[in-house]
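J.: This is the structure, below, for whatever I ask next.
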Amino acid sequence: MKKNIALMALTGILTLASCGQNGTGTTPTADACATANTCSVTVNISGVSSADFDVTMDGKTTSMTLSNGQKLPVAKTGTVTLTPKAKDGYTTPAAQSTTISSTNLTPSVNFAYTTVPSTGNGNGNGGTTPTQPFTLNITSPTNGAAATTGTPIRVVFTSSVALSSATCKIGNSAAVNAQVSSTGGYCDVTPTTAGGGLITVTGTANGQTVSSTVTVDVKAPVVDNRYGTVTPAGDQELTLTNEGIVKDADNGWRRLGQGVSTPSDPNGNVDIYVKGTVNFSVNAAAGSKVEVFLARTTGSDVPTNDDVQAGDVLRSVASTSGTETFSLDSRRLAEFDGVRKWIVVRINGTQVTYQPVIADNKGPQQPDPELNGVQNAYSNILNNYNNSGLTYVRGDVNVFTGNPSLQDREFGQAPLGSSFVQRRPSGFESIRYYLVPETAFGNKALQESDEMLRAKAIKSVATVVSAPVLEPGTVKATSFSRVIGSGATSTVTPKAQDNVTYRVYAISRDQLGNETASATYELVRFDNVGPTITGSVIRDTSDLPFASQEPERCLSDIATITLGGITDNAGGVGLNPGQGLTFTLGGRQIQAGQFDTNQLADGEYTIGFNSLTDALGNPVVSAPTNAKVYIDNTDPTVNFNRAVMQGTFASGERVSVESDASDGGCGVYETRLFWDTDNGVVDDATTTPAIGHPVQFARQRVTDGAKADSLNAGWNALQLPNGAGAVYLRALVVDRAGNATISTTPIVVNAKITNQARPLLGGFDAFKRNASAQFMSNSNAISGVNGTAVTPNTTANSALDNILSLDSVGTLTTNAYLPRGATETAITEKIRNVGAYGRFDATQWNRIRDYQLNTDPTLRSAYVNAGNLANQRGNNWRIRTPWVELGSSDTANTQQKFDFNSDLLNDFYFGRTFGNNDNVNLFSYDQFNGIVSGTAGAYSFYGETVQK
């Protein structure tokens, strides 16, 4: 019975409206345009911004330029014809006519211009044919379709090609991004002003942009001035974000058309959906009694009086302002979630209005997250690796849900007697994936049994969040999939961090933003770092003839190989089972231990190793400690530019000496120059009256690894009093790999006429640091018992400290020259120089000499001319132990006191550490000596033997 009463009431309203709109008099009807004064033709143009037209009405034609969307005013009803004029470079659309009548005062016409492809360049050479434009058509809405301000319009379009992007706009509103597919796409636009609403869709593909337009008839919503209109609060409307999903909010409302209860017109069935607490307002005359109820029915029609009386009272008040507000807590009737309820407004007990609402406070069905691999060269996945329950991933990984047919759950209980279709939740919207790092695993909220509260907890601690997925996709096995990236090679965002274990959760969402967290999660760990080679090194361990300056780069003769191991990065998946580590050098597989580098030709080599990966395929990230080495078993070369061979000099004369050294391997390290009075002598006696040992007078080191070095120096020629004979200038060159060469050039030194006597020697002593000197007279010989014996401490692997630091002090040294003849009343020659020297340990020098002459494996190398090398060394290395200069003091006085400090290790030691007596002795001094010389070139010497 209640349905008949409602139908009668509705019929009455239509009848009254009809009676009010039609008259029966004979008054002449005025022109509709003159009455409305709003007639116009809207000209919509696509492809160009403006065009020229001939406009014809009532037989009169006018030419004018019209812009896209321009309204052409018309004074009266009738037919208007617009004929486009030709436009260079574009097709010319056909003419169109439209009729303005009382039922259509503001018609619109559409003209589409397309680019005409070029067929040549005008010079007979042809031309470049541009890419043909694609087509883009709006299929919904159509031109002239009705629309309402404030209500979104779903715009659907098709494209002849797959679009890379598309935007939509209506009027002058901001463009919004459209959802695109291979054949078109869709978007939502909302008109804000009434009138002709020009909708423009602009798509981009293959570097071209094409637009399509339609015009809809936008009208303001019909305002129901009757009292009792229920309006939800505008600031609580659940609008869409730029990601195409509804915004997050605990409370809000949204108009949705589900189209369930009226199959004949599903698009017209729009309900207000609410979640949480929503504020409403209702208009009423001041002083009216306003009652607001929440009622339920068994169908889709309005409630009966019995339904209203059985409903919940939301508000009952005497209106004072004309507008009353009330709040609806949609959770109060949770068992009726998803079921239509009615807000009933009763004014003064008689006037009744109705507003249907549907509460939805529950999320959709739970998704089930799963993982699988991505097909690219740098990605890999190991599910449940070694039964650990943990999935290891390299590069990108695909996350999807194993239950693709997700729906919004129908939590509500339909009223007694109603059909199943009464249950209408807001509907499924999207899925998003969240990665929670291991640092948050202890968060107790993640164990929340309420799936919606658990979703909030997951969102609060997740550090990697995917974009929302609104469509399941075409591959059913991986529905609602998203790719998570990791590692430097991946171009995917977002990216997970290496060596962090994550829980992968999925959260489903409905159209109101209610979210449901997955009941399960996947454990995943990302690893994009390969193994590391540790403890592997090859280094020069041959100290003969001298030590390498870069023992892990420059190798000569014997090297020692240490083969380390391989370890995966901390927290990584681990090594690839069954792979072993092998090394090669110059194509030879090398083993741990000593290696004679003379087996290979000189040159740079890279230490190779086999292709190793971890279990995910990550390659080795570090090479051996010294991945590249240089084998250098070739002696450097050195030549004298000055002095001239067999050149003659007077004692005391300054001799200019220049040597040029070069090395084609690791480069020159240092050059030393010596003077010597004996040649071809290999015993270690200190002869008198001459010294008989090479005595250093110049030295130069090269710090930049240069291949060549030139040393310029001067030597004050020395000779015994009244003596004459050969003096040998020697150059010792050492390269950075420890190879050495000696070159010799002889000169002749004759005693100056005033060189008649040696300088007189004072006391001398070499002693331990912080001890006292004990001077005794010296002669031109080396004494082992002169003063306190110098006994170094080398026990217990002693470091080079003050115990091994020595002082040598010489007291007053007096000139021995006397005036000559009756005419010379003053001393004409003076003391010129006092120098301190340490003698290279004789035992070790003999080892070096023997190595160069006999035991060096290079003498048996297939890569050198062994005979020539042996002859060259035989001529140059047969010399006594050299005296190494510790310091000197030039003076023009007739007497000189000197004080020089040294340590036991000689300066050929080159900075290596030592751990036993032999290493200390290898580069040590076995004597500390001094030389005093005068301006006439005479000299005296003295010294003290080191007691070991």
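All residue numbers here begin at 1 and follow the chain in the order shown.
Any Cβ shown, glycine's included, is placed from N, Cα and C.
Found this in Swiss-Prot, in case it helps:
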| type | residues | note |
| --- | --- | --- |
| DISULFID | Cys168-Cys187 | disulfide bond |
| DISULFID | Cys554-Cys666 | disulfide bond |
| SIGNAL | 1-17 | signal peptide |
J.: If one looks at the chain holding Cys187 (disulfide bond), which residues at least 6 apart in sequence have a CB under 8 angstroms from its CB?
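T.: Counting only residues 6 or more apart in sequence, the Cβ neighbours of Cys187 (disulfide bond) under 8 Å are Arg154, Val155, Ala166, Thr167, Cys168, Val176, Asn177, Ala178, Gln179, Val201.
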J.: Least buried of the disulfide-bonded residues Cys168, Cys666, going by other Cβ atoms within 10 Å?
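T.: It is Cys168 that, of the disulfide-bonded residues Cys168, Cys666, has the fewest other Cβ atoms within 10 Å.
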J.: Sort out the sequence-distant neighbours of Cys554 (disulfide bond) for me: same chain, 6+ apart, CB within less than 8 Å of its CB, listed by position.
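T.: Sequence-distant Cβ neighbours: Asp540, Ser548, Val629, Tyr630, Asp632, Gly665, Cys666, Arg736, Ala737, Gly738.
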J.: Taking DSSP three-state, what's Cys666 (disulfide bond) in: helix, strand or coil?
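T.: Assignment for Cys666 (disulfide bond) reads coil.
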J.: If H, G and I count as helix, E and B as strand, and all else as coil, what does DSSP give for Cys168 (disulfide bond)?
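T.: Where Cys168 (disulfide bond) sits, the three-state DSSP reduction gives strand.
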